[in-house]
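Everything below concerns the one structure shown next.
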Amino acid sequence: MASSLLLSNIPVFSHQRSNGDTLFFRHNPSFAHLKSIKSFEFARPTRKNPVISVKSLQSCRKILAGTSVGETEEKGSVSDEFLVGEDSAAFDIGKQKLSSWVYFTGILGTVLFALDVVWIDSSTGLGVGKAFIDAVASLSDSHEVVMLILIFIFAVVHSGMASFRDLGEKLIGERAYRVLFAGISLPLAVSTVVYFINHRYDGIQLWQLQSVPGVHQLVWISSFISFFFLYPSTFNLLEVAAVDKPKMHLWETGIMRITRHPQMVGQTMWCLAHTLWIGNSVAVAASIGLIGHHLFGVWNGDRRLASRYGEAFEIVKSRTSVIPFGAIIDGRQKLTKDYYKEFIRLPYIAITALTLGAYWAHPLMQAASFRLHW
């Protein structure tokens, strides 16, 4: 296939790396609808296929940039650069299958029912979650230490299974590994969250700023914004539930232009906001554990993407940054005037609704946690 492409009339695109090397890509129009690196193959320029510079691709980028809600492909050009990664949060309602979302609803209901029976509800005779919390709590009388242990257990399992994803998918398949991953990670996450809610006001009070004017508004706004960074996985819920075959994506647009690791940034914002509001040693311990886990995720995530995508990831890495707005400030990332269109998309609208819903549901979440006595 590669040799036949080299002889074709498909144009070749170039990318100049920081070390002076030039990478050449050939775009295959038959894969244009995928909007991913799978649409490209490494190639060399020939007489029939002269190299086209990135700056001259104004018309080609229209087939690569995604569309916002209600826009056509031609009107949805929102990228200044030639994308080698995927257009994040692109969602075409017309291409959705009702049967897929019926399956998603059924799977979500089944998972929540199983989580309640096996892990949460002690009246069923199982209630493994209570036994798990009691076992961890028996290791120390300090709520701070128990909080850190719970986060450490979750981090080891979550990051460990993510690291072995390639091997696991080869052994049992993408869907089966996603189910296994969620089946182990979700109960541990629920236990950690419930323990934090129940013990967030224990420990040593270090400061008290809740009555200071403006603090509540600052915490609310910071927490609200953090969720736009925290959940890039909502770009494809059907993959999260394994209805669609799960993939390791190389996102490049939207929130990724601001930071290549939005979950780390979002978690840090959430932790700092809640630590400021609560102001005690348990909140500090939880923040240290969660931020530490996500900082490790920065290294581990880059390592996994580099292993999976190679040179394509290096290109995305070269024009994005870990520090928010870093690549924009130093000129490696160019934003167009209509950059906002990359956020006027259904997944981001869903995040807004769910974040507001979670805020208003705080009393219900707290009441449910208290009843578990974890």
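Every residue, even glycine, has its Cβ placed from backbone N, Cα and C.
The domain 'NnrU' feature in TrEMBL is assigned to 146-365. Positions annotated as transmembrane segment by TrEMBL: 101-120, 145-164, 176-197, 217-238, 343-362.
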Sort out the residues at least 6 away from either end of the transmembrane segment (101-120), same chain, that have Cβ-Cβ distances under 8 Å to it, and list them.
126-129, 182, 186-187, 190-191, 237-238, 241-243, 372
Under 8 Å between C-beta atoms and at least six residues away from its ends: which parts of the chain pack against the transmembrane segment (217-238)?
88-90, 100-101, 104, 244, 249, 251, 255-256, 259, 262-263, 265-267, 269-270, 272-274, 276-277, 347-348, 350-351, 354-356, 358-359
